[in-house]
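**Q** Got a structure for you, questions after.
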Amino acid sequence: MALPKLGSAFHIRQAERYNFSQLFLQSFLTGLATSFFSVTTSSYFIKKLDASRLPLAYILSGVVGYLVIHLYKKLMSRYGLITAIVITNLLYILICGSLLYARLHDSSSQSLTQYVAFAGFVFIMPFSSLFALTFATLSLRLFDLGQSKRLIALVGLGEVIASILAYLMVPLLTTLMGTTAFLLLITMSAVLIGMIPLAKLVKANGERLRHVHANQAATTKVNFSFLLKDRYFMLIGIFTFFSVTAIYLADYSYLISVKFLSVENNIETAILVSVIFTVIKLGELSFSLFSSRFMSEYGMKISLLLLPLLLVLSSMLGVVSGSLFRSITFFIVAFLLLNKWLERVVRKGITNPALKVLYQVTEPAERAKVQTLIDGSLSQVSTMAAGLILLGLSLVFKKTELYVYLFVLAGACFIVYAIWLFFTQKMYHQYKEKIQLFLKGTGAKAIDGSEDIVPENFEITNPPDNTSFSELREMLKSIALDERKNSRNYLYEMARTYHSKAFKSVNGIDDPQLARKLSAALYAQEHYPARIAAIQYVQYLSPEEKLRVLRENYETLDHTLQYFLLRNVNSSPVQCSAEDRFYFTGLCRRCVRDILWIESTVNDLTELDNEKLQTALLDLREQQVFKLLQLFRILYDPGAVAIVENIWRNRVNLPENQVFAIELLENILEKNVKKIIIPLLEDIPLSAKKEKLREVFYFHNMDMADRLKDIVMKDFNLVDPYIKELAVRAYVQLTGDKNLARVFKSHPYLRLSSLCQDDQAALEKAQSLLREMEMPENVYHHKTFDMLLRWVARAENTRQEHATALQVNIEHLGNRFMVDCYGLNLLLEVKQQHSFNR
């Protein structure tokens, strides 16, 4: 029951829950396995070997890690993912079994004991990295990128929870078993049981997991010489080197400190290790609750500098306390252990996500290769280098007493972390310069002509077994073909169909009066498909004519048509004049105001438990954000803003894209605009946005009933009929008062007027028609819903009784039916190809 409840709490869809539950179980079992293995091998190493052996162990761990990962990649490329996972899991079980056997029979030989302790420690990091890699690969195969954003972090909670449980259980299990060696039995059992959810995933997902991916030939050679040629990537490499060195310095310090505390206080090493790692894992768990928004709220600079800065301060305090309290080793040990805690917790929650953003300023193909080189090969080399540094330290200070050695170690940590901090600052400045080059270099490619605005939308209208709507279906398909053949002339004829009076004096597409007549017709005509057809033609006007049409009609349109008009205006680069900047900046502020109203509304309705209404409001917010970005194209460099728009759209695939998009906007917007837009787009709580924007915008909270009434009374140009309908239904359910629906008594939209009449039969008949057409119940917009009913009545005469029952006026359709169908094409295009639904 726990996993279904977890699924409901975190809005995991029904279709995703099976894969999620099996991956969560495997993550949990893997967490148990690695935690017990880490405790038993690291505590045995500390107990049986001198600390001087640690550097050599790190060097060999890097070598073994490289070989294990290389073996896994070879197996996956030849035999497939599942075979690679099974073989490496069996290898892990074999290693654990060998270590257990050796542990139980090593008492007769001191040298054998040391070899066993050394070998066990060497395998900790390689297999931890391998399990993380297999988990990531499985997740990407099972979930699309949009699902990955929502689910991978939740699945990873299984490993964190299991680790906490394992570390808490170690003292009890050690007491019962008498030795930590038997913890390896739990490790082997957990890995073996982990094969069961893996087998279930293979059975449920078939080829998605069995498929062998062929290696693709690299088009760009990326190696260490490549890093040396580019200062930016070289600095990332230096950052990575010191980052990995920091990991092993912290780990080395921690292990020596554990040995000191164990001997000094006569505490079993395994118990001490489990207690420390429990504190670390609890820190990871609690820190993760707010770390996801840290980058958005505090920016890239602080996110990158935070860990090295904290480590510098902690190490400095260790040195200072060691100087002030001579021969009192505890103070140095305390700060060395704090280094370990900071390195694990802050790195996982903040530093690693920030590092992902650094790679965003490269092309995707190059990005993957560079990231693999730096995070893979360079990290392994850095591990070996860190081992050599520590080996040198241990040899030089081999004969010193423990207090002096710990003092020197704290000083070495301070120096390394200070150098890391220095290069991090350099890397951040280079990152800002790289952003500017990125914007200049890819801006032209981002806006090379208009977008494809005739997608395949009409297949959605195909009924499975009958031809009741064949006329309508064929009409829709023929429109797509005709539009493709001669788009500009076709659009002109479509616009003329509804605007015959306005176009009476226009002589073809080259007439200089066309833009003015088009704008006048768009302003006067309220029919939705007619406006869509006219707006679609705007892409062929001159930049000056586009801006004039935009100024004259923007405020008469609803938010969907506003976005549609802006997109056609921006189909080729358009820049407003200095005189118009005040007007367009005002439109941006109005858009920001609307977004904040939507966010306040969502916040006030959090306890309503109405998923449809919440989703519709969030989708409305998303469209407003894209409308805002379209306005920025007119005010600023259109190519640069186009890049931001594409990155923002793909933030569903890559969560770090949101941070990167905001970083780019910081380099594009004016200072006074930036102060408003950056807090608006940051992934921070509404309360934090209010604090930052209170001087510019007015905020007020409402109870749920008042907020629902507020939605209903809002201008139709901002709030769709669909959202108003959901709000009325929610209000009636919440209060039992049906009077609110009376505001729609004479409304032209059928579903809204039926709310007042409580005409459930009419709604059911409308939904029946849509099911026969295989159209979604909402059809994105209820204006489209009403138009669709009219089209259905026109296309199939046998359905006249439905038309009458639904009060559909089918008179005077004539050749306007063609325009209505074309309007459906364009509206579906806006709502599908440029979908704002997550």
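Every residue number used here counts from 1 along the chain in the order it is shown.
Backbone N, Cα and C atoms are what each Cβ position is placed from, and that goes for glycine too.
Copying in the features that TrEMBL gives for the protein in this structure:
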- 23-46: transmembrane segment (TRANSMEM)
- 52-72: transmembrane segment (TRANSMEM)
- 79-102: transmembrane segment (TRANSMEM)
- 114-139: transmembrane segment (TRANSMEM)
- 151-170: transmembrane segment (TRANSMEM)
- 176-199: transmembrane segment (TRANSMEM)
- 232-250: transmembrane segment (TRANSMEM)
- 270-290: transmembrane segment (TRANSMEM)
- 302-318: transmembrane segment (TRANSMEM)
- 377-397: transmembrane segment (TRANSMEM)
- 403-423: transmembrane segment (TRANSMEM)
**Q** Count the CB pairs under 8 A between the transmembrane segment (151-170) and each of 114-139, 176-199, 270-290, 377-397, then give me the winner.
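**A** It is 270-290, which has the most Cβ pairs under 8 Å.
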**Q** Count, for each of 23-46, 176-199, 232-250, 403-423, the Cβ pairs lying under 8 Å from the transmembrane segment (114-139), and report the range with the highest count.
**A** 23-46
**Q** Looking at the stretches 23-46, 176-199, 377-397, 403-423, which one shares the most CB pairs under 8 Å with the transmembrane segment (52-72)?
**A** 377-397
**Q** Take a look at 302-318, 377-397, 403-423 and tell me which one has the most Cβ pairs under 8 Å to the transmembrane segment (232-250).
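**A** Top-ranked stretch among 302-318, 377-397, 403-423: 377-397.
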**Q** Looking at the stretches 23-46, 176-199, 302-318, 377-397, which one shares the most CB pairs under 8 Å with the transmembrane segment (403-423)?
**A** 302-318
